[in-house]
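*Asks:* This structure is in C-alpha cells; I'll ask about it shortly.
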Amino acid sequence: MVNPHMYYLNKVMSSLFLDTSVPGEERTNFKSIRSVTDFWKFMEGPLLEGLYWDSWYNNQQLYNLKNSSRIYYENILLGVPRVRQLKVRNNTCKVYSSFQSLMSECYGKYTSANEDLSNFGLQINTEWRYSTSNTNSPWHWGFLGVYRNGGYIFTLSKSKSETKNKFIDLRLNSWITRGTRVIFIDFSLYNANVNLFCIIRLVAEFPATGGILTSWQFYSVKLLRYVSYYDYFIASCEITFCIFLFVFTTQEVKKIKEFKSAYFKSIWNWLELLLLLLCFVAVSFNTYYNVQIFLLLGQLLKSTEKYSDFYFLACWHIYYNNMIAITIFFAWIKIFKFISFNKTMSQLSSTLSRCIKDIVGFAIMFFIIFFAYAQLGFLVFGSQVDDFSTFQNSIFAQFRIVLGDFNFAGIQQANPILGPIYFITFIFFVFFVLLNMFLAIINDTYSEVKADYSIGRRPDFELGKMIKQSYKNVLEKFRLKKAQKDEDKKTSKGSGDLAEQARREGFDENEIQKAEQMKKWKERLEKKYYSMEIQDDYQPVTQEEFRELFLYAVELEKELHYINLKLNQVVRKVSAL
C-alpha cells in the first residue's frame, strides 16, 4: 500500500509549493505567512509560478528553470485548481458594554452555527456568492476548528495571466474580510512514471485573534490499482486473504459454539475476534473504495476545464491504509501466541501476567501525579509556551521531558520562579522515583519467574504440544504406534482385572471403591499440581478441588492410622516372642 515513491513525490511537491520564496523576499513562503499581505504575495508569486511553470523563463536562474520544467513534465495537473473560503457572520460574539462605543463589529471563531451564508462584496461571480457543496469529501479538521464543505469558491483559469488578474481583482476588492476564517487551495497532479496521484491541499486559517496559521496535506495515492503484473499478484493475494478470512471465521464460530462462555476467558481468543473484525472492516473499506474509483475516476479525468475533486478518493485511500496498518500490527502481536515454546518469550509473558495487578496499581498513582503536573504546566505556561498551549500539548510535552527532549529556557522565561520549581520537582518525582519504581516492579517479578524456571517449573508450551500431537497422529496413522484410545482401554481393562483380583483375595466392595476413588483423586490432582508442564505459575483452587484435596488427605490419614495399628500389632507379637 505504501512505497518509497510516495515519499519522494510528496517531498518534491512540498519543496515546490511550501519552500519556494516570494521573489525579492527570501524569507517569505507559505510556511511563514502571517498576514493577509503575505498571503496575497504567495498567491501571486510562488503559487502562480508553481502552477504555471512557463513564467520561470523570465525570473529564475537556469538551474531553477531546469528543475521547474522537470517537475512540470513529470507531473500533469489534473483539471484546474480551486480556492475556497469560509466566513463567519458579524455579531457572532458579544462585545462588553464598556467597549460597544468603540467596536461595532464582532466576529467569533468558526463553527457551523456561526458560518456566514450570505453574499458579499461585488456579488457578481461565484467567489462572492455562497455555494453549497456538491461533493462527498469529509470535513476538514484544522488547528482551530472543523470546517464544512462549500463556501465562497472560484476556480483558476488555465491561463496564467487570467489567474493573476483574478488574484489582483480579489485583493483590490477585499475578498478576504474580517469574517474570513479559512481559505483552502486544492489541486491534483498525476505522475505517470510511478502511477501515483498527488492530491494537494494548502490551508490558511485566520484565527479570531488575528494573524494566519498555515497547514498543508500532500496525499500520494495509487488510484489505478491494477496495472502491472505485480499489481495482479497483489490482487491474487487479496483474494486469498478473503478466502482465509472466511475459513478462520468459520473456525472461530465453531469454537464459540463448542466452548460457549469458556471461549471468552482467553485473551488470545479476544485477539482473534478483534483481528477478524478489523479484517472485515478492511475488506469493506477496500470494496467501497474500489467501487468509488470505478464510478468517479473516469468522470474526474474528463472534466479538464473544471476542478477535479480527488480529495474524496484520497481520504478513503488513507482510511483504508490506516485500517490495514492497524490490522497488520495486531497480526504481528498474535505471533506471541505461537512462540510461547521459546524460554525467553515465555518468561516475558509470565512476568507480565504475574505483575499486571501491581502495574495497574502503579499506573493509577503515576497518572494522578502526571496529570497534576500537566495541569500545573498548562495553567502556568499555557499562554506563553507552545508546548503547554493546550492541556493535550502539556501531556505530550511531559512525555518528551521524560525522554530528555525539553525546552527549559522557554519554561524559565515564562515564569522565572515556578518554571524551575516545576521542572526540578517533575524530574525528581516522575523520572527518578516513579519510573524507577516501575522498573523495580518488573525486575522483582522477573526474578521470581526466573527462580521458578530454575527449579523446573515451565509454562504450557502450546506449540510444542501441537507439534508432539501432530507427530503422534502421523505415527498412529502409519500404524507405527498404538492409538491413545487403545492404550486407555488397556489401562481400564488392567484396572478392572486388579479389582477382580482384589475381590478374589477377600477385599469387600467398599474397600475396592475407596481405593479406586483415591486412585482417581491422585491422578487428577497430580496432573494439575505436580505436572512439570503447567499453564500458570499460580494455579487457582476451586471449592470442589479443595473438597477433593481435603477428602484425599482424610483418606490418607485413615490409611496411615490403619498402617500404624498393623505395625503396632506386629511389633507386640515380635516382642512377645
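Even glycines carry a Cβ here, placed using N, Cα and C.
What TrEMBL says about a protein is an automatic prediction, not a curated fact.
Not measured: the values here are computed from a predicted model.
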*Asks:* If you follow TrEMBL, the disulfide involving Cys93 connects it to which of the following: Cys106, Cys198?
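*Replies:* In TrEMBL, Cys93 forms its recorded disulfide with Cys106.
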*Asks:* When a 10 Å sphere is centred on the Cβ of Cys106 (disulfide bond), how many other Cβ atoms does it contain?
*Replies:* 18
*Asks:* Could you list the residues of the same chain, at least six apart in sequence, whose Cβ is under 8 A from the Cβ of Cys93 (disulfide bond)?
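*Replies:* Looking at Cβ-Cβ distances below 8 Å from Cys93 (disulfide bond), excluding near sequence neighbours, one finds Cys106, Tyr107, Gly108, Ala208.
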*Asks:* Top stretch among 229-249, 310-333, 359-381, 421-442 for CB pairs under 8 A with the transmembrane segment (270-290)?
*Replies:* 310-333
*Asks:* Give the nonlocal contacts of the transmembrane segment (359-381) in its own chain as ranges (CB under 8 Å, at least six residues past its ends).
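*Replies:* Non-local partners: 387-388, 390-391, 393-395, 397-398, 410-411, 414-415, 418-419, 422, 426, 429-430, 434, 437-438, 441.
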